[in-house]
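Chemist: Attaching a single structure in structure tokens format; questions to follow.
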Amino acid sequence: MVKLTAELIEQAAQYTNAVRDRELDLRGYKIPVIENLGATLDQFDAIDFSDNEIRKLDGFPLLRRLKTLLVNNNRICRIGEGLDQALPCLTELILTNNSLVELGDLDPLASLKSLTYLSILRNPVTNKKHYRLYVIYKVPQVRVLDFQKVKLKERQEAEKMFKGKRGAQLAKDIARRSKTFNPGAGLPTDKKKGGPSPGDVEAIKNAIANASTLAEVERLKGLLQSGQIPGRERRSGPTDDGEEEMEEDTVTNGS
């Protein structure tokens, strides 16, 4: 594992990404802890922490400029409190393929008032009953969850399910948090799927080349790594078209 030092930050790749944001690439260093980001001098719109060994999402200084945080393919099982104080303008958070287990572990995301684009795909918590409705209720500012637009019908269903004393009790009952944090403990892993055919790989690469947002690029890369093909992956939310979120012209999900 590699300690995230000021020297590493200075040496890491820095570039203007596909959506013209200034990005810091800290991908694949096997970093275990987020620290020393004050060395960035708040000069980046996006930071890529993909493919590291991070277990807890915290340790950020005040980064007013940061809008996009990619933390897929880590080992995150906890989300720190008070992220809104450090990341007031965060709009996109990609937590795909981590180790979040309990619905209550997602509660700290509610404080991120600018968060509109969130992915928690391939975390054990997504298998919990009422997962999607719980996140929609607890983090109502999110407009796109797991790469699916939040529908007005879903918001109404979430409000109905969790409102009032009975709803509050239901939310409390299903939202327990992980009680222990053991750095050496084993974490859930997904079974490996068969790889895609060469034609499928080429289709995904073409889709990546035509992607219009950084989050979409990361989703397609994740599909390529897991052997899934765009349009064939299992949907984690409702499959009906439903009525889309009202006030669509106010949505700012990075596209």
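Think of each number as a place in line: the chain as shown, counted from 1.
Heads up, the Cβ atoms here are built off N, Cα and C, so glycines get one too.
Pasting the relevant annotations from Swiss-Prot:
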type	residues	note
REPEAT	65-86	repeat 'LRR 3'
CROSSLNK	LYS172	SUMO2 cross-link
MOD_RES	LYS172	N6-acetyllysine
CROSSLNK	LYS221	SUMO2 cross-link
COMPBIAS	240-255	compositional bias 'Acidic residues'
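Can you walk me through where each of these features ends up in the structure?
Modeler: If you average pLDDT over the repeat 'LRR 3' (65-86) in this model, you get 97.
There are 11 other Cβ atoms within 10 Å of the Cβ belonging to LYS172 (SUMO2 cross-link).
In the three-state DSSP classification, LYS172 (SUMO2 cross-link) falls within a helix.
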Chemist: In the repeat 'LRR 3' (65-86), how many residues does DSSP assign to helix, to strand and to coil?
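Modeler: Residue counts in helix, strand and coil order: 4 helix, 5 strand, 13 coil.
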